[in-house]
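According to Swiss-Prot:
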type: ACT_SITE; residues: Lys121; note: active site, charge relay system
type: ACT_SITE; residues: Ser196; note: active site, charge relay system
type: ACT_SITE; residues: Ser220; note: active site, acyl-ester intermediate
Amino acid sequence: MPPPLQAHRLLISHRRLPSPARRRFTAASSLQSAPATTLAPGPATSSILSIRESLLSGERTAADITSEYLSRLRRTEPSLRSFIHVADAAAEREAEELDRRIASGEKDAVGPLAGVLVGVKDNLCTANMPSTGGSRILDGYRPAYDATAVRRLQEAGAIVVGKTNLDEFGMGSTTEGSAFQVTTNPWDDSRVPGGSSGGSASAVSARQCVVSLGSDTGGSVRQPASFCGVVGLKPTYGRVSRFGLMAYASSLDVVGCFGSSVFDTATILSVVAGHDKMDSTSSSQVVPDYASELVSLDLLESKPLAGLRIGIIQETLGEGVANGVISSIKGAASHLEQLGSVVEEVSLPSFSLGLPAYYILASSEASSNLSRYDGIRYGRQFSADDLNELYGESRANGLGHEVKMRILMGTYALSAGYYDAYYKRAQQVRTLVKESFKDALERYDILISPAAPSAAYKIGEKINDPLAMYAGDILTVNVNLAGLPALVVPCGFVEGGPAGLPVGLQLIGSPFCEGNLLRVGHIFEQTLQNLSFVPPLLAES
């Protein structure tokens, strides 16, 4: 039973310290809507909740539900290419076993995620299917264990339907960097889904699965969520175990999740979050039941966000951000004001320094982490006459261009002659970024910004211009540097494609305050009466 509204308000801390670097936000913009589709718009509904209710009532079987999703996956996968590996036969067997247990009256059969089909980004280990990291060097690799996040989903009753595509080892923003295939965007198959978790975002957007897992090192959950019109959550660093996640940059990597609604995303977080003895960086803080704290639309008052203070980051609405994106974000801010919150502009002076610092730090950590891929212990091995040649051949043939480039960049930054000039200075910038966010979040309950400078762009548009691609991460990397939680919810559209292109609103909170973000995101989502984030691909099929 959701808590009453007053309890909901009390769950959000309100700090009102004076700030010289703020001004009242004003916006006349309305939320940007997309051209009409054949599916009726309305508040996002929970697929997880409806699946659970239908199983408990006997209205549907797990086999029926699985068949529905697999049918849609088979229909759309040739054009989307969201999955590197599909475990359809295994999913059908698990669904049949669940039905058998329900029929036999086993009380624990219908777990919180019973019958829910989940896609898993292919840099998370799965013992019963290949785990490649999107790289040729791990082609055919089958781990001996499941990642903790995957195991917890399965223990809650979820059915893993397959491994989703990604930029190789998470290094990219378009999913064009995969060694196996290019994933497309369900809103327009000539456009990228974002990255590096593009396969996970595309799969949820196209309803190939109910929810999915991704990873976020510098925006790899949030930017694809914005591009594909789904909800994406990057938890606080340490909130979810990284055990079984192929390491890219260990001080930045976070396991995140995607859903078609905030409720679904909150439900997944409640399952996967929590301390894990296999990950020394995982937090021992108590994990709330995030979904139970969400208030349904019919229980909301006219001003459900009254008393909430929101800061809109000035630096995210300037040069380099598309006008249509700015209009959508301003429209979303105006909507939040109509719900009762106070929205003011706030400046984060160190914001622009985050991007170069991030790429130095991430590449430096990657140069160490990826040294484990040597062609000996696991993965693909290339023939050679001696050990050094084996290392060279395996890495030269097994790793892609972007990965090699970042390894070289990181090795350079860590070298004796340049450590102080690059790596040490980047760490100092990271401290400034953390302090900047800390100061802002002492004055505001939540900060907001766009999740990406533009909507989804054409496949091939930026793949040969790495600087332009890196610049696209400027709105997300600071959150990783600071280790903060952030939620992306669809908030509007810009022109493009057959039915417009979605834009995501990024909500940023204090450490371990995911509950605040989810409550505000849920209220925002539920009150968008005239927007539907169902891609035309589904309306046609």
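Including glycine, each Cβ sits where the backbone N, Cα and C put it.
Where Swiss-Prot records a feature, it is marked here on the structure.
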residue : record                               : Cβ within 10 Å
Lys121  : active site, charge relay system     : 36
Ser196  : active site, charge relay system     : 33
Ser220  : active site, acyl-ester intermediate : 36
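Distance between Cα atoms for Lys121 (active site, charge relay system) and Ser196 (active site, charge relay system): 9 Å, as a whole number. Cα of the residue listed as 'active site, acyl-ester intermediate' to Cα of Ser196 (active site, charge relay system): a span of 5 Å. Look at Lys121 (active site, charge relay system): DSSP puts it in a strand.
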